[in-house]
Amino acid sequence: MDQLNNREQQEFQQLVEQKQMKDFMRLYSSLVQRCFTDCVNDFTSKALSSREESCLEKCSEKFLKHSERVGQRFQEQNAALMQKR
């Protein structure tokens, strides 16, 4: 990164930010699809039932905790690789 000039660093930073946004949107979309499919099954009303609401809360919590844990493991692996260098 030190070898890049200011313009190149800005371009690189912009690419990183775009990738992060794309990854976030993919995660969000996956969360919505999975939890909706698992929890919402009564289409007779446009309002969620209390059961569906509870299921959606638990599903999203579980999904986000899992994603956080995976991220932590990646950070640990990355740190271990950096120490080996």
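Each position is counted from 1, following the chain as shown.
A Cβ is built for glycine as well, from the same backbone N, Cα and C atoms used for every other residue.
Matching 35-59, 60-84 against Swiss-Prot, the residues noted as motif 'Twin CX3C motif' span 35-59. In this structure, the CA atom of Cys35 (disulfide bond) is 8 Å away from the CA atom of Cys55 (disulfide bond). Just so you know, the Cβ of Cys55 (disulfide bond) picks up 17 other Cβ atoms within 10 Å once every protein chain is counted. Each residue contributes its Cα atom, and for Cys59 (disulfide bond) and Cys39 (disulfide bond) those atoms are 8 Å apart.
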